[in-house]
Amino acid sequence: MDRRKKREKTTVTKPSTVDASSPPKISPSEAFIVTLSSVLGLGLAFYVANSGFSIDLVTDPSRTIFFIWLVELPIVILLYSRYRQNPRQCMYLRAVGRGLLAVPIGALLNCLGAIALGAPVTFQFLPKTVNWSLMMSLFTTVPASCVLGSSWAHWKRIFAQTQPNGSVEYLICLPAHGAVIGGWFGAWPMPLDWERPWQEWPICVSYGAIGGYLVGLVASCVFVLACARSQHVKQT
């Protein structure tokens, strides 16, 4: 009897601790809110540019893209910062600060990538290139910075290896890849001799990037919903 009592005392279950390396989770309703807010932000930007200033991507691409990234900036940073890793160690304001810091860094990387692939570097196209790079930064690097911080292993796994782990990482990975792939396909008509005004940099590239970004958002939201349903079926 004494031995049994000693065993019971030594085998007391400890409270489970959350693994710091585990990916953050998001419910289907929250994923829908993130997707809907991002889509409505893009719609609001186009509405303000068209109704308030009578411009669009064809007539004034620089200012239109400026409105897009300006409206999307608070939406992306404030929403994705909620799903940061290690929320006990990383405060919400710190995640917001990481997102703000990632805006110019991501813009520089996108700008260098666009120039390497043939984007014009003349002074005439400089405002267009800068605004396009800022928009692409919000589509690609800013959400990852808010959630993952500076963890190179996670960045490499998501962007280089395309192996997201968890619902939040799919919300980062799919829209980012969609924006890059869409922008790449959107650049195809630029060198063609059609003499169309929308072939000028970065009009068709922006349309492609925005379209790919929207497709990635919807796909990631559907994936989160499908994963939640499959987990519910397994539990039942």
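Using N, Cα and C of the backbone, Cβ positions are placed for all residues, glycine too.
The annotation region 'Disordered' is assigned in TrEMBL to 1-24. Here TrEMBL flags 31-49, 61-80, 101-126, 132-155, 167-187, 207-228 as transmembrane segment.
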Counting Cβ pairs under 8 Å that are 6 or more apart in sequence, does the total for the transmembrane segment (31-49) and the transmembrane segment (132-155) reach three or more? no
Can you tell me which parts of the same chain pack against the transmembrane segment (101-126), counting only residues 6+ beyond its ends and a CB-CB cutoff under 8 A? 73, 132-134, 136-138, 140-142, 144-146, 187, 201-202, 205
For the transmembrane segment (61-80), the distant same-chain contacts (Cβ-Cβ under 8 Å, at least six residues beyond its ends) come to 33-34, 37-38, 41-42, 44-46, 48-49, 53, 55, 95-96, 99-100, 103, 127-128, 131-132, 134-135, 137-138, 142-143, 146-147, 171-172, 200, 202-203, 206, 210
